[in-house]
Amino acid sequence: MNTSAASPAESKDSAKGVAWRSLLGRYGTLVALAVLLLVNVLITPNFLQWQTLFVNISQVATIAIVAVGMTLVIATGGIDLSVGAVMALSGALAPLIFGSAFGMANPVIGLMLAIALPLVAAMACGLFNGIMISVLRVQPIIATLILFISGRGIAQVLTNGNLQTFSNPAFSYLGTGRVFGLPFQGWLAVAIAAVAFWLVTRTIHGRHLLAVGGNERAAELSGVPVRRVKIGVYIICAFLSGIAGLVVVAINSASDAARNGNLMELDAIAAAVVGGALLQGGRAPVFGALLGAVIIQLVKYTLLANGIEDEVALIAKAGIIVAAVALQQGRRE
Amino acid sequence: MNSTTEDAFDLRPLLRGSGQTIGVFIALICLIVFGLLRYENFGGAYNIASFLNYNAMFILISIGMCLVIITGGIDLSVGSVAAFSSVCAAYLSPYGLQVALPAGILAGMAFGALNAFIILVLRVPPFIATLATLLGAKGGSLVLSGAETIAVDWGSNFTKLGMEKAFDLVPWSILIVLIVAIIAWIILERTSLGRTLLAVGGGEEASSLMGLEVGRAKAFAYMFSGGCAGLAGVFLASGFGAGQPLEGVGWELSAIASVVVGGTLLTGGLGSVTATVIGALLLGLVFNILNFENGRGTISLSAYWQQVIRGSFLFLVILLQMRVARQRTTKGLAPEKAEQSHASG
């Protein structure tokens, strides 16, 4: 995605420090990943084991799936704070459906509905966000704040706030299945990123998406259906959050509306930004988001595996977010 | 002139902010009247005092948030910062209020300064910068407290602040909130710093070209917001007898909601401290009344429903605000122009 052709010309007429910053901004993500891996190989006990890989893949997959959606939203110059709440909602719905009397009587149809209906509900949330933002012209932060506040509440109302445990091997495949020896949801995340990459780079919709983020007014004047593009992107983001919500529930064989997707909006935004998404819009580095999710997961894992508390990991995450965005600013200059 | 919205527009200079301010004020009065008629204990001294005491924290952070939003920014860190300073204050409570109170406020202001540094020097957008300090302050307070509540020293005079009344009349917390609100109002309405805050929100580049101290004004707004959050944290520790590292989740949203309900434009450049306080009171009162209904067993809502109602309420207010904004633009009165007419009038 990053062409190095322009960099010699740039570094010639800019001061040395700025060139450094721009270089770091360009390849910072990869450098950070390499450093993280090296540090882990050196200090983390039992890092080079399959088990470590599986744990990290299954944890990073949900962040990556949501981060891809977030990247598309950010590419239009928006933001979606409701992703965690949407995860909670779709995760709460699934066990309700396959665990209902109808679902028990018709396991196959029940299972299909338990995957389809939560995703439809998630897309309805995205439609709501999209209409608020593009038709009513509410700022994305505020528009998605509404579902951020009430979405998790709706999920808890549906479940009475109870933890729903279940055993449904077919559904749990989403979270525990293996394909070619690697966790199913890892493949799912990569497949989703590949589709999103294709969408952005090879289709007219992708052009529209980037045009809206680059300059909305200009896009509108040149005939881009701005409203439809924006509504569509929030629906996609909510749909992917819905999938992530189902995966989390399947991993745990339990659905907890209070915890499912909690703070996911922060992880997803951080992953997107670390991966090179510009908050002003106009760029959609989909595989960057995947990389960003991996870095955030690795930092979390490194700290935890070395006995450093969860709380310190929060501070580290904060530092990563600030550093990534500050470097972005450097790149723009 | 014959419709209520017309009247609202004419009365606007009384309470600065967008045209909705009067509407919010009327809504507040209607709610109070409704409460007084429906519940016998509603107007009782106990309910009023506990209501105000509890909402003091939210009013405080809403005032700080208002100043930040006026500059076109946002401060998502207020809740975690309040939790952090509640832990600081609880640790220092044995040395008495005279140490713990300033320490809590300073802790909050330090986070405000950190926000300002990240936003102004590292040029990170306010949304992301304050998101990061949200995480940082949360991590910090958990590390500091070992993720446990820190009991305050009941022997010192620290708990006076949250539990006793000044001159046997008003709770200390309410008196202090009133003072902070008046200070914020004076700064915004009567000083050149306040003019600069409004100008920065109206158009940052233009303000900077006109030679206004944009950076200093923004730094002030974030530090003021941090200080308010710190003070709210002190109230939290003092009123509930413990430093609470896990509190403050979602406070930033309540504050943003209060500011929005008060008619402050989220794009910046226009806003009012008075209206924000009214907005915070209105939001608090909606929940006070819901609790009364719950107490009578008429609706028996779970805490989960309250979240849903909170979101729906925000939704309604945003719809109203959008309508007001649209009406104004169709009248050919852009928000900036309305602001200018206030300034001259």
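Backbone N, Cα and C define each Cβ position, glycine as well.
Record features, source TrEMBL:
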TRANSMEM  A:27-47  transmembrane segment
TRANSMEM  A:53-74  transmembrane segment
TRANSMEM  A:81-102  transmembrane segment
TRANSMEM  A:108-128  transmembrane segment
TRANSMEM  A:140-159  transmembrane segment
TRANSMEM  A:179-200  transmembrane segment
TRANSMEM  A:231-251  transmembrane segment
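In summary, the transmembrane segment (A:179-200) lies against the transmembrane segment (A:53-74): three or more C-beta pairs, each 6 or more positions apart in sequence, are under 8 Å.
Long-range contacts of the transmembrane segment (A:231-251) within its own chain (CB-CB distance under 8 A, at least 6 residues past either end) are made by residues 58, 61-62, 65-66, 68-70, 72-73, 75-76, 78, 80, 82-84, 86-91, 94-95, 115, 118-119, 121-123, 125-127, 129-131, 133-134, 171-176, 185, 188, 192, 205, 209, 260-261, 264. Just going by CB pairs under 8 A, the stretch in A:53-74, A:81-102, A:108-128 that sits most against the transmembrane segment (A:140-159) is A:81-102. Residues 62, 66, 69-70, 110-111, 113-115, 117-119, 121-122, 125-126, 129, 141, 144-152, 154-156, 158-159, 164, 166, 168, 171, 237-238, 241-246, 248-249, 255, 257-258, 260-265, 268 of the same chain, all 6+ positions outside the transmembrane segment (A:81-102), place their C-beta atoms under 8 angstroms from a C-beta of that stretch.
Counting same-chain residues at least six beyond the ends of the transmembrane segment (A:108-128), those with a Cβ under 8 angstroms from any Cβ of the stretch are 82, 85-86, 89-91, 93-95, 97-98, 100, 102, 146-147, 151, 168, 170-171, 174, 231, 234-239, 241-243, 245-246.
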